[in-house]
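Q: When I checked Swiss-Prot for this same protein, it listed these features:
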ACT_SITE  His156  active site, proton donor/acceptor
ACT_SITE  Lys160  active site, proton donor
BINDING   Gly8, Val9, Ala10, Gly11, Arg12, Met13, Gly98, Thr99, Thr100, Ala122, Pro123, Asn124, Met125  NAD(+) binding site
BINDING   His157, Gly166, Thr167  (S)-2,3,4,5-tetrahydrodipicolinate binding site
Amino acid sequence: MTRIAIVGVAGRMGRTLVNAVQQDPEASLGGGIVEPGSSLVGADLGELAGVGRLGVNATDDPAAIADAFDVLIDFTAPRVTLANLAFCAEHGKAIVIGTTGLSDDELAELDGYRERVPMVFAPNMSVGVNLTLKLLETAARALGDEGYDIEVSEAHHRHKVDAPSGTALKMGEVVAKALSRDLKEDGVFERVGQCGPRGDKEIGFATVRAGDIVGEHTVMFATEGERIEITHKASSRMTFAKGAVRAARWVASRGNGRYDMQDVLGLKG
């Protein structure tokens, strides 16, 4: 049984994670963490999540529940995540990170913990999205540089704060790597006004923020006479939550290192 604690337990994703842990027979809820000074300190996590009283209360101090969990799940903000990563290194805990929007410096800081913490870091925990990444790699290798224009589009709810989504960027990185390209050089994130014709090696990105869209991603390979589109659509946050719990169970028995969902699902190699 893997004991799991959830950071940001009062948020939309946090409440969904509580539900996912309760549904998993191989996991148990060890605790939930809210913002320092939150009025929700002491609240029952089951009541917060709408699943009934569980007898596990929210805290704003991870150290207070350090003996109650094995793995921390964090879908919050970059600086919060890095602070929790340091906590896990100090207390011998594993961590699953679904936070997106990290800067290059923050990613480097995160990577510096790979020898100190067992961590799964992935922009998207959905099994379907991670299978989609494998499909994209296969498609890009097969098509090669045969005149296919590549465009990545994504849509999310109006509350999402980073753009493009971490999943869209990961899709672009997978395609770029398969084509021996560098996304930092070939990625195009804005086209405005007289921007000129499309470059041959461009990987374009388009973003939509509207309503309550959970998450939709499409990668288009377009050439003269045909267009291939590979799409993933999420209709519920539960798909991400279940993937995160699966990752937590997996990483609980792993040594220090930085892993991703491809490792969890056995899709590498």
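Even glycines carry a Cβ here, placed using N, Cα and C.
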Q: Pop the Cα-Cα gap between Gly8 (NAD(+) binding site) and Gly166 ((S)-2,3,4,5-tetrahydrodipicolinate binding site) into the table, whole Å please.
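A: Between the alpha carbons of Gly166 ((S)-2,3,4,5-tetrahydrodipicolinate binding site) and Gly8 (NAD(+) binding site) there are 19 Å.
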Q: Within 10 angstroms of the C-beta of Pro123 (NAD(+) binding site), what count of other C-beta atoms is obtained when all protein chains are considered?
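A: For Pro123 (NAD(+) binding site), the 10 Å Cβ neighbour count is 21.
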Q: Spatially, and counting Cα to Cα, which of the binding-site residues is closest to His157 ((S)-2,3,4,5-tetrahydrodipicolinate binding site)? Options: Gly8, Arg12, Pro123.
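A: So, spelling it out, the nearest of the binding-site residues is Arg12.
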Q: Where's the emptiest Cβ shell within 10 Å among the binding-site residues Ala10, Met125?
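A: Among the binding-site residues Ala10, Met125, the sparsest Cβ neighbourhood within 10 Å belongs to Ala10.
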Q: Kindly assign Thr167 ((S)-2,3,4,5-tetrahydrodipicolinate binding site) to one of the three DSSP-derived states: helix, strand or coil.
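A: Helix, per DSSP.
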Q: How big is the gap, in Å, between the Cα of Gly8 (NAD(+) binding site) and that of His156 (active site, proton donor/acceptor), rounded to a whole number?
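A: One finds 20 Å between the Cα atoms of these residues.
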Q: For each of the binding-site residues (Thr100, Thr167), count the other CB atoms lying within 10 A of its CB, then report the residue with the highest count.
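A: Most Cβ neighbours within 10 Å: Thr167.
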Q: Specify the nearest of the recorded positions His156, Lys160, Thr167 to Ala10 (NAD(+) binding site), where nearness means the distance between Cα atoms.
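A: Out of the listed candidates, the nearest Cα belongs to Lys160.
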